[in-house]
Amino acid sequence: VSMNHTTVVEFVLLGLASSRRWEITLLLFLGTAYLLILLGNISVISITLTTNFLQTPMYFFLRNFALLEITFTSTFLPSTLHSLLTERKTISLPGCFLQMLFFYCLGTCTLFYMALMSLDRYVAICHPLHYTAIMSSRFCLQLILACWALSFLLMFPPTIMTVQLPFCGPNIMNHFYCDASLLLQLSCTDTGFIEELMFIILIIILPGTLTVTAVSYGCIIVTILHIPSAAGRRKAFSTCSAHLIVVMVFYSTCIYRYIRPAQRGGQDSDKVLSLFFSVLTQTLNPYIYSLRNRQVKQALKERILKFS
């Protein structure tokens, strides 16, 4: 280490706001969002675990999806809230690398889960007579384990390669969590291979899972159009449209953030896009996918009446 070439021991995350007033506003907003994420997903997990008539493949997937959402948001939201509360902007190298690893692995797993749940709904609606035979308990568990294994297998190599890079300064990131594209910009060595590898992986994951989700919902919509009852069609379209809005927001912001041409990141708009797919959609998901469901609402009502 020479006089003008120091090794970085921590990173500075500039966060979401530059003034204290905006930081307090964001603290209240993100704190409320995190509380809603925890309450909504814990409710889904407890209700689907303890209610007999909710022991079906669909609720098994929703329960695991709720657990994934809690884990995913807990990788960055507590530290973001702590920095807003204490105005402490730094994060250690090991903390930054761990946050990046879990953020990308769990975020990738979320994409696989969305595709998996859309396939489950496709089989249930378009092939109801074969649903129980296809979606057996063992097969559902294998699908869940495959999502987790594939996510870590895809994202672990580029993350480990990023961890091994030398960082010599500057150490400032214009973000509220450790973002891989910004970390690569801060390295004092060539990162072209890692950038290309991550781009290829994201090109496979994002459009691939989106295609599965879009085709599944397309087939579901075609099936709904053949429902003879107008009231039944309206109810089914209401559910599907809510799901599709969340999916569109999540995928559009992810794709524009990570697969847009010729921009490496670091703009304030990147933080806004990240808020959409990492906080907004995670806040809506338990209420859109689960708590609006008639059977879940019935189970929740029975639980409230029992305790009251």
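Even glycines carry a Cβ here, placed using N, Cα and C.
Taken from TrEMBL, the feature domain 'G-protein coupled receptors family 1 profile' applies to 40-289.
What TrEMBL lists as transmembrane segment is 24-49 (among others). Sequence-distant contacts of the transmembrane segment (24-49) (same chain, six or more residues past either end, CB-CB distance under 8 Å): 16-17, 59-60, 62-63, 66-67, 69-70, 73, 77-78, 80-81, 84-85, 279-280, 282-283, 285-287, 290-291, 296, 299-300, 303.
The transmembrane segment annotation in TrEMBL covers 61-81 (among others).
Same-chain residues lying 6+ beyond the ends of the transmembrane segment (101-119) with a Cβ under 8 Å from its Cβ atoms: 58, 61-62, 64-65, 68-69, 71-72, 75-76, 143-144, 147-148, 150-152, 154-156, 159, 177-178, 180, 205-206, 209-210, 212-213, 216-217, 243, 247, 250, 254, 278, 289. The transmembrane segment annotation in TrEMBL covers 101-119 (among others).
As annotated by TrEMBL, transmembrane segment applies to 139-156 (among others).
Here TrEMBL flags 199-225 (among others) as transmembrane segment. Long-range contacts of the transmembrane segment (199-225) within its own chain (CB-CB distance under 8 A, at least 6 residues past either end) are made by residues 108, 111-112, 114-115, 118-119, 121-122, 125-126, 154-155, 158, 233, 236-237, 240, 243-244, 247, 251, 254-255, 258-259.
TrEMBL lists 237-259 (among others) with the feature transmembrane segment.
Annotated transmembrane segment per TrEMBL: 271-291 (among others), in sequence order. Listed as Cβ neighbours of the transmembrane segment (271-291) (distance under 8 Å, sequence separation of 6 or more from its ends, same chain) are residues 16, 30, 33, 36-37, 40-41, 43-44, 48, 62, 65-66, 69, 72-73, 76-77, 107, 117, 174-177, 179, 242-243, 245-246, 249-250, 253-254, 256-257, 297, 300.
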